[in-house]
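Input: a single structure, listed below in structure tokens.
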Amino acid sequence: MNKLAILAIIAMVLFSANAFRFQSRIRSNVEAKTETRDLCEQSALQCNEQGCHNFCSPEDKPGCLGMVWNPELCP
């Protein structure tokens with residue numbers, strides 16, 4: 001396997017793990033505070049890609065986009 005393919009696999013694994021952590025955190029935050037969601041969480045839950053870019057911090061943006069691009073969560 002060439003180096004580029006290995007790097008692509010590593011990037012996909014890291015992206016998936018980050019999206020999973022973000023999704024888990026959003027679920028726990030939604031359960032804990034249903035009325036005071038921040039704009040980044042609202043963007044993810046409403047499948048709003050532009051909202052992810054506008055309202056999420058750099059560390060939360062990949063997780064938000066991962067949820068928006070997931071066809072099971074945002075058809």
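Even glycines carry a Cβ here, placed using N, Cα and C.
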CYS74 - recorded disulfide partner, Swiss-Prot, among CYS40, CYS47: CYS47
Packing count at CYS64 (disulfide bond) (other Cβ atoms within 10 Å of its Cβ): 26
Candidates CYS40, CYS47, CYS56, CYS74, namely the disulfide-bonded residues, that fall within 10 Å of CYS64 (disulfide bond) by Cα distance: CYS40, CYS47, CYS56
Tertiary neighbours of CYS40 (disulfide bond) (same chain, Cβ under 8 Å, six or more apart): GLY51, CYS52, PHE55, CYS56, SER57, ASP60, CYS64
